[in-house]
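The following features are taken from TrEMBL:
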- 26-45: transmembrane segment (TRANSMEM)
- 39-285: domain 'G-protein coupled receptors family 1 profile' (DOMAIN)
- 57-76: transmembrane segment (TRANSMEM)
- 96-118: transmembrane segment (TRANSMEM)
- 138-156: transmembrane segment (TRANSMEM)
- 203-223: transmembrane segment (TRANSMEM)
- 235-256: transmembrane segment (TRANSMEM)
- 268-287: transmembrane segment (TRANSMEM)
Amino acid sequence: MASTNNVTELIITGLFQDPEVQRVCFVLFLPVYLATVVGNGLIVVMVSVSKSLRSPMYFFLGYLSLVEICYSSTVVPKFIMDLLAKVKTISLKGCLAQIFFFHFFVVTEILLLMVMAYDRYVAICKPLHYMNIMSRQLCHMLVAGSWLGGFIHSIIQVLNTINLPFCGPNVIDHYFCDLRPLFKLACKDTFVEGIIVLANSGLISIFSVTILVSSYAIILFNLRKRSAEGRRKALSTCASHITVVILFFGPAIFIYMRPSSTFTGDKLVAVVYTVITPMLNPIIYTLRNAEVKNAMRKLWARKENPGMGT
C-alpha cells in the first residue's frame, strides 16, 4: 500500500439509515440468502450425483450454481450483519479483498453464461455433432478458462487500486465495497484508474453481450427450419438461460454503464444482482426443466429411502 495512507478502516453507509427499516431488511434478506445457498447447493449436489444430469449443459449449470453461492457470499453475509450494526466498518485490506472476490466471481459467471450460450448453440444448430464437439475435455477447459478469465480481470482491478493513497475521508457510500465508491475516497485524481477499470469491465461487457446476442440470434434463425414441436423443445432449453442472462446483465448494465450517482436507487438496483438474482436462478432452472425436477424427486426419494437404488 502507498506510504501516504492514513486510512486503515472504512465506514460503510449501508442501504438505509433508519434502524427500523434496517431491521425489516434483515428479516427479508436473511431468508433470501439462505434460499440462495440451499437452492444453488441443491443443484450442485444433483448434478454431481444424478446419472440423468450428465450432459454438458448440466455440467456447466452445476458450476454456475457454485459460482452463484460464492458470488453472493462475498457481499451478502456482511451486508446482513451490518443491518444490525450501529456503525458499519470494514478494514481497507478487507475492502480490497471483497472487491477482488466480487469481481472474480462476477466475471467468472459472465464467462460461464457465454459458455452455456455456446453449448445451446452447438446443441440446437449442430445436434449430430454435439457430443463430439462438447467433449468432456473441452467442457473442463471451458470451465477452467472461465475461472482464469475471472481471476485475470479481478487481479487487474485490484492492482489498479491497491496503490491509491487514502488519507481521509473514510466513509464509503454503499452497502459493500466496490471500485467507483472507493475511488471517490482516494487523495488523488483517479481519472486514469477509472479509464483502466472502464476499459477492463467495458471490454468484457461488450464482448460477452455480443457473443450472447449473436448465439441466440443464430439459434432463433435456425429454429425456423424445425417443426413446431422441435421449436418448442429447443426454446424450452434456452428460455431459462435467457431469463438468467437478462436478470444478471440488466441491473449490472444500469449500474456500471452510466455516469456515477449517489442515488439510493443505485444501491437498490445493486441489491437485485447481489441478493435477489442468485436466489432466483435455481427457481428458474428448476421450474422450467423437467429433467432437473425429476432428478430432484429422485434425490428426495433416496433421502427418504436410503436403501433405494438409483
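Every residue gets a Cβ built from N, Cα and C, even glycine.
These figures come from a predicted structure and were not determined experimentally.
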Ranked first among 26-45, 57-76, 96-118, 138-156, 268-287 for CB pairs under 8 angstroms with the transmembrane segment (235-256): 268-287
Two-stretch contact, the transmembrane segment (57-76) and the transmembrane segment (268-287), at least three Cβ pairs under 8 Å: yes
